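Participant: Questions regarding the structure given below will be posed in turn.
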Amino acid sequence: MVGYIGDIHISESDAEVAECLSAEYKRQNTSLQMIASENFVSRAVLQAQGSVLTNKYAEGYPGSRYYCGCSEVDVAETLAVERLCKLFGCKYANVQPHSGSQANQQVYMALLKPGDTVLGMSLDSGGHLTHGAGPNVSGKWFNAVPYNVRRDTNLLDMGEIEEIALRVKPNLIIAGASSYPRRIDFKAFRAIADKVGAYFLADIAHYSGLIAGGQYPTPFGYAHVVTSTTHKTLRGPRGGVIMTDDEEIHKKLRSAVFPGMQGGALMHVIAAKAVAFREAMSPDFKVYVSQILDNSRALAAVLATGGLDVVTGGTDSHMVVVDLRSKGLTGRDVSSSLERAGIVCNKNAVPFDTEKPWVTSGIRLGAAAETSRGLVVKDFEKIGQLVLKIVDSMRAGADMSVVESGVREEVATLVRVVPYDTLAC
């Protein structure tokens, strides 16, 4: 067939992209991936996402599509929905959102009108952009009111949150965060929502895998709506989901997702979600999640013992947040040095941070990805020691190129290679 290149390997058809894929595979497998929103998916998830379902366009929902030829993708989506509901014990689920951010926006579209009041955690306290931050559409369409953590403990103060809610009478209250390492009292949030007649949204994007593994409180039974990403601790493909136990809310959500904000669903991603949900129901996944908690707590303990200010004093999740202000360092500088040394994390705002978002006063470290690669407590204790070496050396004015090179050599002894190189390019 003239011009058809469907059977040509990417290394032949597009050497530039093939080189990029190979380089990224090498990067992932020669450094420690400590970004809390990242993980390593299984070969099965990769295979589903890179499957022939990429070729199929499907608008609507199973049994009610606008295009023909959807019988098999209907099976994939139905499996994903059924497995997600079973995994979290909810009645209704939508697996079509392309991302967690879009899932949140679709909830707003379903339940709110422009100008309504939304109460969510501030960015520097650990909240997410989509919870009402000024630059985000959630902060532009709605009257966004933030709540903060306590200055003395950096923990949520449910009494203060209730006071704010009683004063501003929000239409929606959001619980959930991108850098809050402790447990969230979903029951208390629902009680506040009921007092002011608000909807309660739990965004569990970071915690969903921990919840599925029984290591973090569940919002189900309290939240009117629950959103999540499917990567991070859930260890699936990048994407979003929306869940509820309320049939009327479910109907509104369906319309908000399609045709409200999306057209065709990404069927290859939905199939990969189904695979990940099944994996998350296995006994091995519970063991994995338990190990995440052991590892992150070990990391936090080493950092705190070594003199770093660990936000909230520890962690109940996969993430550890470090406040660097007492060291006179910025998150940008420390995270950049750590990356050169082979420890990849991210700069992060800390409570009541006055630095710009692209500078920040802290870093965030996550345990999910490296736990997937088999690292255990002793390895995370070593990682903590290496982080301390970088920070202490920066404060001492040492030659960081020498220090970083030495740390990278030690990192090489910790890295466990994920053996799906045949799928890398």
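Any Cβ shown, glycine's included, is placed from N, Cα and C.
Per Swiss-Prot, the features are:
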- LEU123, GLY127, HIS128, LEU129, GLU248: (6S)-5,6,7,8-tetrahydrofolate binding site (BINDING)
- LYS232: N6-(pyridoxal phosphate)lysine (MOD_RES)
- HIS231: site 'Plays an important role in substrate specificity' (SITE)
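Describe the structural surroundings of these features, if you would.
Facilitator: The local packing around GLU248 ((6S)-5,6,7,8-tetrahydrofolate binding site), expressed as other Cβ atoms within 10 Å of its Cβ over all shown chains, amounts to 8.
Taking the Cβ of LYS232 (N6-(pyridoxal phosphate)lysine) as centre and 10 Å as the limit, one finds 28 other Cβ atoms among all the protein chains shown.
When Cβ atoms from all protein chains are considered, those within 10 Å of HIS231 (site 'Plays an important role in substrate specificity') total 25, not counting its own.
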Participant: For GLY127 ((6S)-5,6,7,8-tetrahydrofolate binding site), what is the tally of other C-beta atoms lying within 10 angstroms of its C-beta?
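Facilitator: Cβ-Cβ neighbours of GLY127 ((6S)-5,6,7,8-tetrahydrofolate binding site) within 10 Å number 26.
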Participant: With DSSP assignments reduced to helix, strand and coil, which class does GLU248 ((6S)-5,6,7,8-tetrahydrofolate binding site) get?
Facilitator: helix
Participant: Could you say which of the binding-site residues LEU123, LEU129 has its Cβ with the most other Cβ atoms inside 10 Å?
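Facilitator: Of the binding-site residues LEU123, LEU129, the most buried by Cβ count within 10 Å is LEU123.
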Participant: Need the DSSP three-state call for LEU129 ((6S)-5,6,7,8-tetrahydrofolate binding site) to compare against my parser.
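Facilitator: The three-state answer is helix.
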Participant: Sorted by position, what residues of the same chain at least six away from HIS128 ((6S)-5,6,7,8-tetrahydrofolate binding site) have a C-beta under 8 A from it?
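Facilitator: Counting only residues 6 or more apart in sequence, the Cβ neighbours of HIS128 ((6S)-5,6,7,8-tetrahydrofolate binding site) under 8 Å are ASN104, GLY120, MET121, GLY176, ALA177, SER178, ASP203, ALA205.
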Participant: Measuring Cα to Cα, tell me the gap between LYS232 (N6-(pyridoxal phosphate)lysine) and GLY127 ((6S)-5,6,7,8-tetrahydrofolate binding site) in whole angstrom.
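Facilitator: Just about 16 Å between their Cα atoms.
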